[in-house]
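For reference, the structure is listed below as structure tokens.
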Amino acid sequence: MTTVAETTHEHHGHGHDHPEHVAHHFESARQQYDAGKLGIWMFLITEILFFSGMFCAYAVYRSLHPEIFIDAAKELNTMLGAFNTVVLIVSSFTMAWAVRAAQLSQKKLLVVLLWLTLLLAGVFLLVKAKEYTDKFNHGLYPGVFNRFAQEQYPAVTEAVISSYVSTETPAAPAEESKEAPAHGEEHGSTEEPSSGAEAGHEEHAEEHGHDDHEHAAEGDAHHGGAQGVHNIHIFFGIYYMMTGIHAIHIIGGMGVIIWLIVRAHRGEFSSEYFGPVDFTGLYWHLVDLIWIFLFPLLYLIH
Amino acid sequence: MSVGATPDRFQAADAGGHHDREDNYLLASSGIGSWLFTLDHKRIGVMYLVGIMASFFLGGIFALVLRAELFTGQKLFLSEDAYNQMFTLHGAVMTFLFIIPSIPAALGNFVLPMMLGQKDVAFPRMNLASFYLWVIGAIFFLAAIIFGGLDTGWTFYTPYSVTTNTRVILALLGVFVLGFSSIFTGLNFVVTINTMRPHGMTWFKMPLFLWATYATAIIQLLATPVLGITGLLLIAERALRIGIFDPEIGGDPVLFQHFFWFYSHPAVYIMILPAMGIISELVAVFSRKHIFGYRFIAYSSIAIALLGFLVWGHHMFVSGQSQLAAVVFSGLTFSVSIPSAIKVFNWTSTMYKGSISLATPMCYALAFIFLFTIGGLTGLFLGALATDVQLHDTYFVVAHFHYVMMGGTLVAFVGGLYYWWPKMFGVMYNENAGRFFSLIVFLGFNLTFFPQFIMGSRGMPRRYARYVDEFQIYHQLSTMGAFLLGIGMVGAIAVLIYSLYRGKKAPANPWGANTLEWMCSSPPPLHNFETPPPVGDPYDYSNLRYDEREGGYVVDPGSGKKTYSH
């Protein structure tokens with residue numbers, strides 16, 4: 001893309017052909033807008049790639065352990081997810097309309113639409129907070145606090161959790177960085193099954209890295225189904241990472257929209273200068289689009 | 001650098017007829033705040049330069065400590081744990097704080113807008129934000145060092161990085177923040193080159209340094225986000241044990257390696273491509289000859305950037321990945337060497353029958369071609385499946401990537417710094433001293449790393465604090481080389497710093513280059529050009545002649561060469 005100079009007075013630029021909203025280092029408003037447009041598209045590409053790592057993790061685990069996703073998805077509230085999808089789509093509409101209002105110099109409408117978009121984003125986050133609260137109430141935390149992880153890996157989760165309250169080694173169990181843990185030391189929990197046979201199986205599983213033995217006594221270790229599915233906590237790790245980072249992007253977008261509202265109130269935007277609204281709109285559409293992928297992948301497909 | 005420390009030379013009124021007297025970016029405003037909040041790309045480049053040189057010094061100290069410890073196979077002063085932390089920090093500081101930002105952020109920031117005849121990059125505030133993100137990332141790394149160290153190796157492999165007692169999360173936060181600094185720099189450069197090239201500067205009239213910077217920026221934009229999310233996932237794994245990478249709770253540690261190397265192999269090209277861009281400039285100018293194969297060099301920059309994304313698995317031949325994947329990655333790895341070979345051929349052809357001047361920047365350019373070629377050729381052994389099984393995780397690998405990363409990027413960076421220093425600060429350095437220390441650097445480098453190829457091929461593992469006696473001679477040669485290299489680097493930097501206080505005033509164009517940054521005064525005024533400079537072929541030197549009174553090259557008005565101007 002070559003930007004052709006549109007005036008013949010660049011060398012007298014100061015105070016003559018440079019409107020206030022055109023930065024001194026740009027030749028023209030057109031060049032500034034082109035730069036911003038390309039810049040926001042490049043930024044959105046980096047955001048897509050940022051999420052791509054998580055989609056890769058999702059794809060790898062889904063292809064290798066489909067049963068995890070079949071069972072875990074049942075724990076999610078599809079109706080709340082669908083509602084949030086509608087909320088975001090409507091907010092994309094209000095944002096697109098705001099861009100149009102800016103292009104037509106409709107200041108009041110622009111401000112109203114930006115507020116509406118901000119409000120809808122807030123609704124999305126409230127629903128998300130509700131969802132998270134419900135999951136926490138069911139013991140569906142991320143990582144070692146997840147009840148499936150605690151049921152399946154009681155020794156590891158107990159060691160990690162106890163390390164959180166240890167002042168010596170926060171966030172990492174001390175013994176694991178020095179030598180393999182003695183198995184007997186980590187089975188003191190009152191929640192341990194009292195059966196010696198089961199305890200033996202747990203030690204065996206830990207020793208070999210296999211988790212199949214844990215359910216040998218139940219006779220269905222090699223079959224799918226709620227009682228036989230392993231590593232459900234990994235689904236929730238992926239779920240919280242994906243939806244959590246998406247929520248952070250919503251919050252970031254809200255911050256930028258507030259900045260736009262302040263500037264719109266000051267009357268900075270017009271048919272001659274609407275780039276920032278346009279660029280923020282593109283960002284908002286991406287945030288919406290990512291959710292449109294997250295919702296079916298996490299909530300619907302199983 | 002604060003204005004208060006500006007050498008007196010810059011304060012002196014120039015009695016000559018220069019229109020730019022006292023009108024340069026260094027003196028355009030005063031006070032520490034004018035630097036900390038500057039939007040001028042040149043000042044941001046200088047601030048980056050100070051930051052990355054401090055990081056280089058720190059990483060260099062770590063390197064010398066390692067080499068000193070390895071002088072014998074027995075413990076001298078580092079425990080095994082301390083040794084592990086030392087090589088981790090050396091690697092992380094050198095990679096993330098120094099090499100990756102060195103050429104794009106410091107030199108690229110300074111030079112890129114001027115090469116386009118522009119006043120600044122497209123997004124000056126984003127540029128300053130990039131710098132402060134770099135500072136914050138550096139602070140996280142320093143915090144990791146101070147509060148408990150880091151012993152995972154710069155690669156943070158799981159599952160060890162999940163369980164070690166060292167400050168992995170602090171370091172990962174540093175990597176994450178530094179990654180965004182890199183993304184913003186890349187974004188700024190892509191937009192600036194795409195939308196702010198002056199009238200008449202078509203894509204194939206751009207200096208090759210801009211082609212290299214552009215290719216680098218593409219990688220920064222496309223690969224770095226994956227590093228960012230990988231870092232976050234590892235932080236979550238370590239903090240909460242979400243189970244994605246930790247095999248103890250069902251995760252897959254090899255998945256981390258795929259994610260990590262998907263960024264970190266393209267990152268190799270973030271490091272080397274700008275270096276190649278500098279070499280294209282230096283070889284052409286100091287051969288006083290049009291660059292040979294301009295379009296091939298330009299296209300090979302893009303080819304390296306794109307192929308660089310496809311080869312990450314060659315770091316994992318022994319990790320347990322499938323045989324088919326290994327074969328494919330091996331083939332792609334050999335493919336990526338072709339555009340690099342094209343560049344070396346074209347540089348050599350440029351020098352053929354050229355009028356070669358062995359100025360200090362050219363000494364570094366020649367060193368680069370030699371050292372980078374060794375690094376590239378030894379890469380063939382590592383890209384081949386059969387030989388890599390034996391050589392993987394030995395000192396052969398260490399020598400290979402140091403020849404590429406240090407022999408390549410660092411040498412090109414120093415050469416570029418010597419080349420643009422007169423423009424950046426308006427002073428000439430002592431040419432003989434510069435050449436002398438470039439020779440010391442070259443000899444010290446080879447003495448450090450060539451023995452490592454030999455001991456690596458004989459089985460010396462990397463990252464070991466202790467070794468058996470048969471390797472001692474190689475380690476001792478390497479250690480002596482490292483200290484010689486250290487002397488050379490300190491000397492080279494000292495020559496530059498000395499010039500700030502005692503250097504002769506630099507003319508606008510001391511080297512006779514035809515890229516646009518040499519068409520404004522040295523040092524440049526705040527907005528670079530009073531009027532847009534005329535655009536021509538950046539490698540056509542026929543319109544330039546040496547002016548004794550000026551002490552540098554000036555445009556010959558009688559040359560009759562056509563140029564474009566507004």
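Cβ coordinates come from backbone N, Cα and C, glycine included.
According to TrEMBL, the feature domain 'Cytochrome oxidase subunit I profile' maps to B:35-536. Confidence over the domain 'Cytochrome oxidase subunit I profile' (B:35-536), given as mean pLDDT on the 0 to 100 scale, stands at 94.
The transmembrane segment annotation in TrEMBL covers B:46-66 (among others).
Marked as transmembrane segment by TrEMBL: B:86-111 (among others).
Per TrEMBL, transmembrane segment is recorded for B:131-150 (among others).
Positions annotated as transmembrane segment by TrEMBL: B:170-196 (among others).
The feature transmembrane segment is assigned by TrEMBL to B:208-236 (among others).
Away from its own ends, the transmembrane segment (B:260-284) comes close to residues 95, 99-100, 103-104, 107-108, 155-157, 182, 207-213, 215-216, 219-220, 222-224, 226-227, 230, 290-291, 297, 301, 304-305, 308-309, 311-316, 340, 343, 347, 350-351, 361-362, 364-365, 368-369, 372, 401, 404-405, 408-409, 411-413, 415-416, 419, 513, 515, 539 of its chain (Cβ-Cβ under 8 Å, at least six residues beyond either end). Per TrEMBL, the feature transmembrane segment maps to B:260-284 (among others).
Sequence-distant contacts of the transmembrane segment (B:296-317), counting only residues of its own chain at least 6 positions beyond either end whose CB sits under 8 Å from a CB of the stretch, comprise 203-204, 206, 208, 211-212, 214-216, 218-219, 222-223, 254, 257-258, 261-262, 264-266, 268-269, 272-273, 276-277, 280, 325-326, 328-330, 332-333, 335-336, 338-340, 342-343, 346, 382-383, 385, 388-389, 392. Marked as transmembrane segment by TrEMBL: B:296-317 (among others).
Below 8 angstroms of C-beta separation, residues 276, 293, 296-297, 299-301, 303-304, 307-308, 310-314, 316-317, 372, 376, 379-380, 383-385 of the same chain, each at least six residues beyond the ends of the transmembrane segment (B:323-342), sit close to that stretch. Sequence annotations record features per position, and here TrEMBL assigns transmembrane segment to B:323-342 (among others).
The transmembrane segment annotation in TrEMBL covers B:363-386 (among others).
Per TrEMBL, transmembrane segment is recorded for B:401-421 (among others).
Under the heading transmembrane segment, TrEMBL lists B:433-454 (among others).
Positions annotated as transmembrane segment by TrEMBL: B:474-501 (among others).
Counted over residue pairs 6 or more apart, the CB atoms of the transmembrane segment (B:363-386) and the transmembrane segment (B:433-454) come under 8 Å in at least three pairs, which marks the two as touching.
Long-range contacts of the transmembrane segment (B:170-196) within its own chain (CB-CB distance under 8 A, at least 6 residues past either end) are made by residues 92, 96-97, 100-101, 104-105, 108-109, 112-113, 116, 118, 121-123, 126-127, 129-131, 133-134, 136-141, 143-144, 147, 150, 156, 206, 210, 213-214, 216-221, 224-225, 227-228, 231-232, 234-235, 270. Two recorded stretches are said to be in contact when at least 3 C-beta pairs lie under 8 angstroms, sequence spacing 6 or more; the transmembrane segment (B:86-111) and the transmembrane segment (B:474-501) fall short of this definition. Comparing B:131-150, B:208-236, B:401-421, B:474-501 for CB pairs under 8 angstroms to the transmembrane segment (B:433-454), the maximum falls on B:474-501. Below 8 angstroms of C-beta separation, residues 104, 108, 111-112, 115-116, 156, 158, 161-162, 168-169, 172-173, 175-176, 179-180, 182-183, 185-187, 189-190, 193, 242, 244-245, 256, 259-260, 262-264, 266-267, 269-270, 273-274, 276-278, 280-281, 291, 294, 297-298, 301-302, 304-305, 308-309, 515, 538 of the same chain, each at least six residues beyond the ends of the transmembrane segment (B:208-236), sit close to that stretch.
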